[in-house]
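Everything on this sheet refers to the single structure shown next.
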Amino acid sequence: MKRTPHLLAIQSHVVFGHAGNSAAVFPMQRIGVNVWPLNTVQFSNHTQYGQWAGEVLAPAQIPALVEGISNIGELGHCDAVLSGYLGSAEQGRAILAGVERIKAVNPKALYLCDPVMGHPEKGCIVPPEVSAFLLEEAAARADILCPNQLELDSFCGRRAQSLEDCVNMARSLLKRGPQVVVVKHLAYPGRAEDQFEMLLVTAEHSWHLRRPLLAFPRQPVGVGDLTSGLFLARVMLGDSWVQAFEFTAAAVHEVLLETQACASYELQLVRAQDRIAHPRVRFEAQLLAL
């Protein structure tokens, strides 16, 4: 029997709706990955509602929980770590300590960093100390880095002016340590307004993918969290970078189609679960000569 991979997901959680782990855990489980959720914050709902209740996990709890897993002899079974929204830079450093602890017992474990800072259309949503931590410390420790356009621009200290510019900027991040960069949401000047674009960049190659841009009265939250989670899960299940990239685009599109059909502000993960596992659509990534 083929072994089921295990993934430690360290990011935010909302009681109502879908963001952070609440957007990523169930889809990753649905496609065949055991997920260990470690919630950096627990809020009543995501912050785009404008009001919420809840609290941030004390940073010291993160290594303590990782050590607790070690104490029962299970830490070596962890095949990957996913990190997302951070409540503080101190929390981020605690996550890196946890990643180091896991890699000490399983050197093959992957670390995907989703450097959540904000949204190209909404601006930065995290404190300056968190942005600085992501830019100066986290990127160098990640095997996979998954920024959106705002975050890519922040890493490189300038705004991208073209698709080629985005490729060059993503490739510059590889020099800091990651094996691969996935730009989850491209927003460069001159792009097609009716398309949602993504980018996959390794040291040798780059791939560009487009899917239809679906219209919503209010853009659902958690799409980036869903994207990062599914990409890592598919890699853990044996996909190549490109296969995982194409699958993720298709599965996320299926969720958005269902969400749009329901006229919902929250992602319709449960209703779309079969199409997450078996997308009906396929978007082919184009190999760029860049």
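Counting begins at 1 with the first residue displayed.
Here the Cβ of each residue, glycine as well, is placed from N, Cα and C on the backbone.
Around Ser12 (substrate binding site), the C-beta neighbours below 8 angstroms that are at least 6 residues distant in the chain are Ala19, Gly20, Asn21, Ser22, Asn39, Thr40, Val41, Gln42, Phe43, Gly84, Tyr85, Gly87. Residues or ranges marked as substrate binding site by Swiss-Prot: Ser12, Thr47, Gln48, Asp225.
Long-range Cβ contacts of Leu213 (ATP binding site) within its own chain (separation 6+, distance under 8 Å): Glu193, Asp194, Gln195, Phe196. Annotated ATP binding site per Swiss-Prot: Asp114, Glu151, Lys184, Arg211, Pro212, Leu213, Leu214, in sequence order.
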Which has the fewest other CB atoms in a 10 Å radius around its CB: Glu151, Leu214, the listed binding-site residues?
Leu214
